[in-house]
Amino acid sequence: MYKVFYASRNACRARWGPVAACIMPSLSFLALCALAFCPSSYGATRQFSVVLTWSTGSPDGFEKQQILVNGQLPGPALVIDQDDDVEGGQFLVTNKLNVDTAVHFHGIEQLNTPWSDGVPGLSQKPIEAGCQWLYKWKATEYGTYWYHAHYQSQVFDGMFGPIYIKPRAFEPKPFNVITSDQNALDAILKAEENPQFVMISDWMHLTSQQHRQVQEDSNVDIFCTNSILFNGKGRVNCLSEPEQRAALAPPFQELFNGPLRGQWLSPNGCLPFGPFSQGNATLNLDAIPRDLVTDCSATDTPQQEFQVDPRSRWASFNFISVTGIQAPIISIDEHPMWVYAVDGRYVQPVKVNGLHIFSGERYSVMVQLDKREGSYTMRASNFGLNQLISGFATVSYTSGGHDKNSDNENRDSGSKHHDWNGGHWQEGHGNGGKGYGWKGGRGRGHKEGIGRYNRHFKRDSQPYYTYGGFPVSPEVVTLNESQIVPFHNIPPAQEIAQTHILRLSRFGKPWLWSLDGDETYPMFPTEYAEDAPLLYYPESTEANNQNLVIKTQNDTWIDIVFVVVDLNGPPHPMHKHSNKGYLVGRGVGPWNWSSVAEAAAAQPQSFNFDDPPYRDGFTTLPSAGAPTWLTMRYHVVNPGAFMLHCHIQSHLSGGMALAFLDGVDEFPAIPAEYGSEGQGNGMGGHDRPGGHLGSYH
């Protein structure tokens with residue numbers, strides 16, 4: 001077993017001086033942590049407090065070190081109203097870890113508060129072990145967001161929680177597209193006001209620092225996880241080789257008849273670590289702890305149960321992908337979903353059976369509760385070549401009390417074997433899982449002939465997708481990103497001030513990555529310029545590194561072109577901090593143009609300037625033997641220092657990031673409490689506590 005690798009510096013008082021807010025337990029602090037709910041009023045000031053601690057836990061049945069937020073995984077939900085101020089002492093982070101950290105509010109634009117974006121080395125110094133930091137920002141936009149660690153890869157360790165900003169009462173809503181029945185509309189509005197949060201995470205049996213160390217020691221990009229969790233609950237599912245062969249999606253099956261002939265998946269469904277997935281690098285596969293990375297031992301831990309009351313007629317689910325690697329197809333058996341918001345913003349509602357969600361993305365869906373009472377499986381089936389893996393939860397109809405996001409245990413009963421194609425599998429015989437690209441025969445958890453797996457139905461609900469994320473029939477509709485049309489559409493401008501063409505690729509080693517092709521953004525062992533954040537020092541040597549920093553002028557439009565040049569490059573879910581951008585184009589093949597306008601003239605079918613998706617996440621296509629590209633356009637309206645990066649945590653920690661110094665001609669003055677010797681402290685004279693920071697389990 002690996003140890004947790006801690007690397008702490010001196011106490012914060014020695015570094016920060018007398019302004020440091022080191023932890024001193026007090027009645028007032030404990031009262032702040034208790035956080036009573038108060039009736040909301042728009043434009044109020046809200047107070048919240050989170051305490052970060054290490055704890056030993058086993059959310060999928062395997063015990064490991066994890067980070068808890070206020071003693072829970074995931075962290076408590078932050079529910080506020082649009083126009084509320086999360087300031088004046090109201091998002092207080094107490095770091096009881098023995099490592100540095102920081103908190104980013106994913107999707108929050110931080111209008112006029114760039115010092116609260118939560119990126120060490122860019123918008124702040126890290127929160128040292130034993131210290132506190134006070135974040136201040138205004139809820140300028142409605143919708144679903146989330147908060148999470150932005151120090152190295154602590155998201156992998158469990159440091160995340162949901163944010164929901166309720167829209168203003170007069171905000172136009174798109175629900176007339178779903179129905180014209182007034183009673184149904186009333187039920188839909190009520191469901192939107194009380195959504196169920198669904199945080200989908202992938203879980204490793206390594207800590208984030210152990211994962212990084214294994215990558216360095218083995219020279220391997222470790223792109224697999226052990227389980228997929230719903231709201232911090234799940235199981236390790238193990239398939240025998242016959243089950244794997246039945247479940248693997250047809251597009252991926254073809255590779256094992258071609259470049260991967262003679263090889264097969266690991267016991268936990270992982271793609272072999274070899275030239276196809278790692279490039280022409282020298283690998284040290286013996287440095288990979290197989291029992292923690294590629295073997296499989298099935299568990300039978302409780303799964304998340306979402307209770308819904310059919311008398312409510314409709315339920316709203318806010319899906320938030322907090323995965324570090326996986327990109328699952330999300331579906332609810334026998335229940336179509338109306339997608340009505342994407343990355344927090346209303347869209348023209350689209351009826352689908354499932355949606356492909358990448359790291360950092362959020363989708364709000366409305367589900368009609370018109371089926372017979374019972375339990376229906378919610379699925380997160382990874383649809384990617386990296387790993388055959390799925391996670392499950394249950395949506396249960398109840399009559400009577402509606403215990404939203406129930407903590408009831410969901411243990412399966414019954415004896416029927418369900419296969420991974422959506423039908424019924426007859427027991428067969430496998431080879432014990434040989435030929436995975438590393439030494440060994442059968443993996444842990446596999447018996448001769450039959451793989452151990454977990455039956456996940458309380459009843460035989462009928463799936464739309466297989467265990468491998470493939471539709472069970474041609475009638476199944478998966479959300480296409482081209483269907484995402486802003487409900488309130490304002491097309492992007494056509495006059496562009498700058499175009500930046502970024503070439504996404506590995507950088508010298510399988511586990512190092514670059515966003516510009518010339519340099520990798522240093523995340524380990526320390527954040528880039530963490531002792532002199534670029535927001536504070538926009539003219540420093542680091543701030544003028546053109547390989548890692550892009551400077552823009554305020555009130556200009558910028559085009560970013562992402563070109564995936566790796567031969568077998570995975571999809572890269574790029575996340576833009578601060579305000580959103582428009583996904584105006586996407587294609588396959590080399591990028592041979594100097595501007596987006598030139599490319600659009602050559603390939604008009606690949607672009608949409610009229611009503612493109614408007615979001616903060618932009619996922620590139622995988623490069624299967626040919627380059628792919630994606631173009632994003634945004635308006636510089638919020639001067640500050642912000643990050644653009646791949647949200648796959650190992651890619652981010654491997655350097656796939658850039659710093660944007662937006663609006664350098666109008667850079668803001670830094671408040672004294674956030675200056676070079678501050679940390680947002682100054683909690684006196686603030687409004688009453690309010691909002692809702694509570695459990696959603």
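From the backbone N, Cα and C atoms, a Cβ is placed for every residue, glycine too.
What TrEMBL annotates here:
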| type | residues | note |
| --- | --- | --- |
| COMPBIAS | 401-421 | compositional bias 'Basic and acidic residues' |
| COMPBIAS | 429-440 | compositional bias 'Gly residues' |
| DOMAIN | 53-168 | domain 'Plastocyanin-like' |
| DOMAIN | 197-388 | domain 'Plastocyanin-like' |
| DOMAIN | 541-663 | domain 'Plastocyanin-like' |
| REGION | 400-441 | region 'Disordered' |
| REGION | 672-697 | region 'Disordered' |
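Per-residue confidence over the domain 'Plastocyanin-like' (53-168) averages out at a pLDDT of 91. Remark: secondary structure over the domain 'Plastocyanin-like' (541-663) totals 18 helix, 54 strand, 51 coil, with classes taken from DSSP. Residue counts for the domain 'Plastocyanin-like' (53-168) under DSSP, split into helix (H, G, I), strand (E, B) and coil, are 7 helix, 57 strand, 52 coil.
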